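Structure, as structure tokens:
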2 protein chains.
Amino acid sequence: MRTTPGKGTLRVLGVDPGLTRCGVGVVDVSRDRSATLVHVGVIRSDANAPIEQRLATIAAGLRGIVDAHSPQVIAVERVFAQHNRESVIGTAQASGIALLVAGERGLRAATHTPTEVKAAITGYGAADKRQVQAMVARVLRLDALPQPADAADALALALCHAWRSAGPSATAQSLTPAQQAWADAERSAKR
Amino acid sequence: MRTTPGKGTLRVLGVDPGLTRCGVGVVDVSRDRSATLVHVGVIRSDANAPIEQRLATIAAGLRGIVDAHSPQVIAVERVFAQHNRESVIGTAQASGIALLVAGERGLRAATHTPTEVKAAITGYGAADKRQVQAMVARVLRLDALPQPADAADALALALCHAWRSAGPSATAQSLTPAQQAWADAERSAKR
């Protein structure tokens, strides 16, 4: 089903890049920082398939999501060489595909580090994965944590991008009701 | 100009992946291992452009070469995480784009390590870049070394792929004239 963002909202596609599981999450974020889930899922590619087919599967999946949901920007997790896992090259290749899809569709793209995402979502750059997932579920008013973790990470990236783009959050003196709810949730999550 | 490979020859597009300079070389290799230059060049992307546009430039350049020369296979240098240069992530992303182009066009793709390329071209896995370039120029009967180095590396990759695909070379007892010329060149280059 095609969806379109409401007026004044920013629609972001977050991508947690990976060859076997590429997390994708689309959110709408309003000017008051409140957010709504549009789509969440995982693009999988067969670990036994040739790499060129795996990357084509990921590209096709991402283009399908862009076509269905028309995000204004694609936010991709930044990959570091010092993440010296065996999979870092595959992760970098998948991130390149996500950025390429943005470039070819004329969409803006941005990369954010895991620390930036954690800080944006929980207020704490060293938060653990579960804290981030719990906050994502709370902000998007989900009944359960998004599964699998790659999907939750993609939503966190999308939220991170929208909030960072909007500039620093308002001070406590001038919180809107939505911002106040957010600040409460943030405090509650830190306990 | 569109070109098509002759009968019984394997046409290989070699790609030395990189964001700023992506080397590309197309060669035709006959069953007797003799080789002919079809195309050599470099796809450049502006270091000041956003990454999504740089990757789109590289993808468009590679698709243009595939359209013009109809290679049967794309051979890409394998990128390693332990190449802990600052640019390794960009190099991995560019390699992913080259593999994607193969997958989307239904072409076979292969990756080869720098050591495999050196061994295939010079018979010596620790050969220096200049030895590899000199042998590439000799095999392809070029008057000068291909420039820049990225272009020469792309040709070396393409030759490496064709020769490795053809299986082990014939024994000295059964060398064709072309193979004999190659063996002579190989010996000469090692001096």
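Any Cβ shown, glycine's included, is placed from N, Cα and C.
Because TrEMBL annotations are produced automatically, they should be read as predictions rather than curated entries.
TrEMBL lists region 'Disordered' for one of the ranges B:16-37, B:82-103, B:170-191, namely B:170-191. With respect to their backbone Cα atoms, B:E77 (active site) and B:D16 (active site) stand 6 Å from each other. B:D16 (active site) and B:D150 (active site) have their C-alpha atoms 6 Å apart, to the nearest angstrom. In this view, B:E77 (active site) is surrounded by 26 other Cβ atoms within 10 Å of its Cβ, with every protein chain counted. Of the listed active-site residues B:D16, B:D150, the Cβ environment within 10 Å is emptiest of other Cβ atoms at B:D150.
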